[in-house]
Amino acid sequence: MASPRLLVLFGSQTGTAEDVAERLGREARRRRLQCRVLAMDSYSVVNLINEPLVIFVCATTGQGDPPDNMKNFWRFVFRKNLPPTSLCQMDFAVLGLGDSSYTKFNFVAKKLYRRLLQLGGHALLPACLGDDQHELGPDAAIDPWLHSLWEKVLRLHPVPPGLSQIPPGVPLPSKFTVQFLQGPPRTVQQLVPTTEPQGPHSEIRPFLAPMVSNQRVTSTSHFQDVRLIEFDITGSGISFAAGDVVLILPKNSAPHVQQFCQVLSLDPDQCFSLQPQEPDTSHPVRLPQPCTVRYLVSQYLDITRVPSRSFFELLAGLSPNALEREKLMELSSAQGQESLHDYCSRPRRTILEVLCDFPHTAAAVPLDYLLDLIPPIRPRAFSIASSLLILVAVVQYRTRLHEPRRGLCSCWLASLDPGQGPVQVPLWVRPGGLAFPETVDTPVVMVGPGTGVAPFRAAIQERVAQGKNENFLFFGCRQRDQDFYWEAEWRELERTGCLTLVTAFSREQEQKVYVQHRLKELGPLVWGLLDRHGAHFYLAGNAKSMPADVAETLTSIFQEHGGLSGPDAASYLARLQRTLRYQTETWA
């Protein structure tokens, strides 16, 4: 008897949705279902009419936009000429990943769910809406949802007679087999980055941009090291507009690579080739063939990220040590999520540190399983401050762990010194989430505390060059002599009448003052700009509490100075968001 077919399609911007999709694929195989896991734009969407069972896993980006690797799928599925019975043979489920600090929380998942119903698809259960802001992360919603999903799937497609489910402790076959190559170590050519303009640059073909300067812009006594980094993109063919972002592929540090190879008993100079085990599995495009272990670990495996729950599940299956295996299985179970949060998520413990904590298991991990176990390094996005200048806050903080937490990309960039010799960084540009008005007389109100001001510098420069002088910037930092980015530039624009600058220095007085306090103080101005002059409002910066505080301040301004009731003020803000007159770009 042929086993039932399941298709898992994902749309992922940062890799989280892809990780969840791979988890679904593993759980399906344990239930003896044939399963393919593909990015939506890697799948021929016209074949969807022949699929009996599909699970869609999708993140929401920007202003409620689909991720880059599902945009073609998105356009196709929303064609108006598709018959309402197109998918009447398909059972489906939608799993969304979002962040409730954003206004359009899980917008893509909700909209896709409704569209699939319109096309005749049969929903096995309501859409799952995972939330990054939950203490336990998206798994808090995903776990119970998956339990219900598999119950329904197994009623429709029971395990074939004579077979049983594969229990969690038993590892599934790896995606790849590794063949070690004999002979002296080979020089591995980095195949993908290029300095030649042969078409659009991307993750597969980044541009190797020379770093021109790497300057600290905060005082040496300030708690945070913030860098203004400039790249030369001459001859790259890269173009961009205000609000676009640059994506950078970082590398792991040499000490971390050495430590990883030691704990896994790997020879960094050993050469190998990869062979896919399944027909739908393709070779990773960012890995050359053949490849050295050093290249794999330094430039591909994200060994300093906080591991997902599925990492612990797979590691448990590979463990030969009873005590370590028992602990790993506890951390990967639904009942062990509080323990996992305390051990891993709260202190931001990395994959490398976890492997060091389970040495017997780490030493037994076959190279075949490394690509199943550890996700690839994902590109990091930075707002462009102008002509490919980026403002980078170097991420370093302490938890209860001995070694300070360090951001992979920001610390790698900060370590590069073009004064010591040529430095090249793989990068490319994609459209950002902020779109600015074309008309000359439309005012723009920008709220950019800290490094959130970076995209607004580029926008203001571009707008001033076009004769658009109705620019209002609310900037916040701790102290004016410590982290007031581009003060002289803002003051000069003020002097020439091209900018109205409002500042909030939170630590210069006993009572902390933030950008939302300045907005409230200037409520009549803000209301007048939005309601009478059709201004556009932009917000960029940390996603933790600032976006919600600013939105709350705006609704209070609408009530106090616009005379609106509470519900009408909320509707007014929603209308601004719907018409893209209120846009946000925030990050964790």
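Heads up, the Cβ atoms here are built off N, Cα and C, so glycines get one too.
Some features that TrEMBL has for this protein:
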- 6-150: domain 'Flavodoxin-like' (DOMAIN)
- 12-17, 59-62, 97-106, Asp132: FMN binding site (BINDING)
- 204-438: domain 'FAD-binding FR-type' (DOMAIN)
- Arg348, Arg380, Ala381, Phe382, Ser383, Gly407, Leu408, Cys409, Ser410, Trp587: FAD binding site (BINDING)
- Thr451, Ser506, Arg507, Lys512, Val513, Tyr514, Val515, Gln516, Asp549: NADP(+) binding site (BINDING)
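DSSP states for the domain 'Flavodoxin-like' (6-150), grouped as helix (H, G, I), strand (E, B) and coil, give 58 helix, 35 strand, 52 coil. The highest number of surrounding Cβ atoms within 10 Å, among the binding-site residues Ser12, Ser383, Ser410, Thr451, is found at Ser383. Taking each of the binding-site residues Leu408, Val515 in turn and counting other Cβ atoms within 10 Å of its Cβ gives the largest count for Val515. Among the binding-site residues Ala59, Gly62, Asp99, Ala381, Ser383, the residue whose Cα lies closest in space to that of Thr451 (NADP(+) binding site) is Ser383. Note: the CA-CA distance between Gly62 (FMN binding site) and Val515 (NADP(+) binding site) rounds to 22 Å. Considering other CB atoms within 10 Å as the measure, the emptiest surroundings among the binding-site residues Arg348, Arg507 are those of Arg507. Proximity of Asp549 (NADP(+) binding site) to non-local residues of its own chain (separation of 6 or more, Cβ distance below 8 Å) is seen for Tyr514, Gln516, given in sequence order. Taking the Cβ of Tyr102 (FMN binding site) as centre and 10 Å as the limit, one finds 22 other Cβ atoms among all the protein chains shown. One residue stands out among the binding-site residues Ala59, Ala381, Val513 for having the most other Cβ atoms within 10 Å of its Cβ: Ala59. Sequence-distant neighbours of Gly15 (FMN binding site) (same chain, six or more apart, CB under 8 Å from its CB) are Pro375, Pro376, Arg378, listed in sequence order.
With Arg348, Arg380, Ala381, Phe382, Ser383, Gly407, Leu408, Cys409, Ser410, Trp587 listed as the residues that bind FAD, the site has a largest C-alpha separation of 25 Å. Here the C-alpha separation of Ser410 (FAD binding site) and Ser12 (FMN binding site) works out to 22 Å. The number of other CB atoms found within 10 A of the CB of Gly62 (FMN binding site), across every protein chain shown, is 20. Arg507 (NADP(+) binding site) sits 27 Å from Tyr102 (FMN binding site), counting Cα to Cα. Of the candidate binding-site residues, Tyr102, Val513, Val515, the one lying closest to Arg348 (FAD binding site) when CA atoms are compared is Tyr102.
In this structure, the C-alpha atom of Ser383 (FAD binding site) lies 20 angstrom from that of Ser12 (FMN binding site).
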